[in-house]
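Colleague: Please read through the structure below; I'll follow up with questions.
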Amino acid sequence: MAAYRADDDYDFLYKVVLIGDSGVGKSNLLSRFTRNEFSLESKSTIGVEFATRSIHVDEKIVKAQIWDTAGQERYRAITSAYYRGAVGALLVYDVTRHVTFENVERWLKELRDHTEANIVIMLVGNKADLRHLRAVSTEDAKAFAERENTFFMETSALEALNVENAFTEVLSQIYRVASKKALDIGDDHTTLPKGQSINVGSKDDVSEVKKVGCCSS
């Protein structure tokens with residue numbers, strides 16, 4: 001169960017990045033999850049910003065530091081710093097603009113080029129409330145997610161549909177993979193000091209966790 005907590009009260013800190021084309025709704029997903037706000041006049045993010053929110057996972061407090069940047073090509077120079085240390089990602093496209101879904105493959109390659117193979121990835125089809133304008137089918141997106149071994153959800157930042165679920169699923173999976181990795185090496189990741197970064201293991205570890213609950217829509 002997710003809950004708002006004081007910023008300094010947490011057991012683990014995970015960096016999660018939002019990626020995808022400009023205008024797909026990344027900033028509104030972030031503000032909906034962290035502040036329960038939505039702006040119809042949202043402008044393109046200039047540079048980088050991040051927000052935080054803590055949730056409960058298995059009686060531990062997991063704090064997400066969620067980074068957001070504009071998708072325009074001219075900001076690609078910040079790529080390395082943006083991705084560094086990320087253990088989770090939400091790869092966002094707009095269900096009403098097919099080109100944003102076509103570009104998901106490029107974003108995914110860039111993400112994997114700059115992060116560890118074990119990163120937990122959620123493919124997110126945003127603006128699902130605009131049913132009459134849909135240009136990307138749920139089936140096509142789900143097939144892509146299964147092929148690329150990522151999680152998948154459709155969301156609406158406007159209606160707050162699945163926004164909570166998408167972020168909490170990513171954070172829960174990061175926690176579970178990290179816990180399994182610690183168990184495999186005979187350590188207990190729940191005893192690590194506050195703020196210590198977590199190596200969430202290999203890509204196989206992520207795949208194994210995915211078998212439990214993948215690709216809900």
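Quick reminder: no glycine exception, Cβ is built from N, Cα and C everywhere.
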Colleague: From the ranges 42-50, 69-77, 105-113, 132-140, pick the one that Swiss-Prot records as motif 'Effector region'.
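Modeller: Feature motif 'Effector region' in Swiss-Prot: residues 42-50.
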Colleague: Does anything in the same chain, at least 6 positions from A157 (GTP binding site), have a Cβ under 8 Å from its Cβ, and if so what?
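Modeller: Long-range Cβ contacts: G25, N28, L29, S31, R32, F38, N126, K127, V163.
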Colleague: Given the binding-site residues K26, T69, which one is most crowded in terms of C-beta atoms within 10 angstroms?
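Modeller: Answer by Cβ density within 10 Å: K26.
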